[in-house]
Amino acid sequence: MHSPDFEVDTNSPGPEQSVNAGWTPRVLLSLLSMGLLLELLSISYMLISIALPDISAHYRTTQGAWLLTAFLLLGAVASPLIGKLADTYGKRRLLMVCIALAAVGALISAVAPSFGVLVIGRALTGMLNPCLFLVYTLIRDVFPKRTVTMSVSVVISGMGLVAIPAPFLAGWLIDNFGFRSMFWFTLICLAVLAPMIMLTTDESNLRLRSRLDLVGAILLGTGIAGVLVGVSVGPDWGWAAPSTLAYLIGGALLFVAWIVSARRIEQPLIDLRLLANRPVALTTLTSGLVYGVSAVFTIILPYMAMTPAELGLGYGFGVDAEGYAIFQAPFGATTVLGGVLVGRFVGRIGPRVTMIAGLVLMTVGTAATALSHENKWAVIVFAAIAGLGTGIGYASTPNLLLATVPQSLQATTGALASVSQNILPAVLPVIAFAALNSHIAMELDGQVLYSDTGITVGYLIAAAAAAMALVTAAALPRKAEQAADLQAVAADAGTSNDPAAIALALP
């Protein structure tokens, strides 16, 4: 694999011009604006989850999970492309492009006349996902050096704290102004933040040219989407129906074509050869499953909590969107607590142990919710347990990457993990809703209501995924020394600049 060429645009301001600088009003405003952008990203998934029952009833659809899947899937496929374009044309420029596309998506969602148009709008809003790494790299490139560490810490911690008040805001918006108010809220926020970032944040002067794997992005995105469409419509059309099989088989063939393409071209969208290294593969899969389990838990919970208890379905508490906050807020609060606990103990017991502990809690929380969901306070406690496990899993992921993956592979493994953390949360909810749609009890005012068995199966899918992640986490190297040994092997593999070549040399 050829080394890419570097070019420096000396006309753009960069870190060299602010090495000796410190905190200034402009830097603070830049940090505030980019931090708020990531806050908006962090609550986007939750806002839709809370509104999903109302949206499904309005459009009379059983495919509400696609609003979350489209948001994440486009973000997962686009992120590697956006990353390369940002290196070539500038990180701030691509950040503005992503914000603009997300704003268009929010506008389309706000006025969508049909569910299909709404899915398209949500997919475009998914361009918020690449903003995460664009913000981090911009801070690294253009902030004064002595402010970078604190700035990144503030941004990361802020993304967790917003999960506590956000359910109350979402509930108030939905109950008073309807579900479309969330999309208008997103659009207004983006319209305010875009000029703030543009005026307060310098462009990075670092340029790195590389090839774009557009074919790979199309094959991967359409392949996964095709299979998921087949899984979604299977309960309605029949699993043996020609249309269902066409989506399933066609999507699978496109996915296989992507694998073949990724193995043959010089700079693929995702370098699959890296997965030949066990710690890389296990870290990637474990982190993706953590995010996927969290997605399934939070997408089913509103349906369960908002269903009227008097219907006698074996679950349901009849709360409105604002009342639902008492279910979601404990999940968000314990997620923040989990991150704090990891920061406190990871240095003593290691990230593998903290990840396993988090996954045990996630398995217990999801399994308990599956088996017992008729008591409101029990469900709230189970949600808090699952949230605590989620927070521990989230915070353990970057530490796991540093501890178990050789330094020479950490950047590329981080990119792989990021893709996994978007794709699996896009896939697992569709699978869970396929199970739910196989257990429809009745329809009330346009909203489909699921049987108690359906709710149980949906949460058991989450529990099974958490248990699978527990197995993969347990299979990771036990001690930091093992990771050091792997690093030594990587060094002995030669002075190659090709991460995949190094990965193949590792056991």
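Every residue, even glycine, has its Cβ placed from backbone N, Cα and C.
As recorded in TrEMBL:
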DOMAIN    28-481  domain 'Major facilitator superfamily (MFS) profile'
TRANSMEM  27-52  transmembrane segment
TRANSMEM  64-82  transmembrane segment
TRANSMEM  94-113  transmembrane segment
TRANSMEM  119-139  transmembrane segment
TRANSMEM  151-170  transmembrane segment
TRANSMEM  182-200  transmembrane segment
TRANSMEM  239-260  transmembrane segment
TRANSMEM  280-305  transmembrane segment
TRANSMEM  325-346  transmembrane segment
TRANSMEM  353-371  transmembrane segment
TRANSMEM  377-402  transmembrane segment
TRANSMEM  456-476  transmembrane segment
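Under 8 Å from some Cβ of the transmembrane segment (239-260) lie the Cβ atoms of residues 216, 219-220, 222-231, 233, 272, all in the same chain and six or more residues away from its ends.
As a quick check, the transmembrane segment (94-113) and the transmembrane segment (353-371) miss the bar of 3 or more Cβ pairs under 8 A, pairs 6 or more apart, so the two do not touch.
In this chain, the transmembrane segment (280-305) does not touch the transmembrane segment (119-139); fewer than three CB pairs sit within less than 8 A of each other, excluding pairs fewer than 6 residues apart. With a threshold of 8 Å between CB atoms, the same-chain residues lying at least 6 positions outside the transmembrane segment (353-371) that come near it are 286, 290, 293-294, 296-297, 338, 341-342, 345-346, 378-379, 382-393, 395-397, 399-400, 455-460, 462-463, 466-467, 469-470, 473-474, 476.
Between the transmembrane segment (280-305) and the stretches 27-52, 182-200, 456-476, it is 456-476 that has the most C-beta pairs under 8 angstroms.
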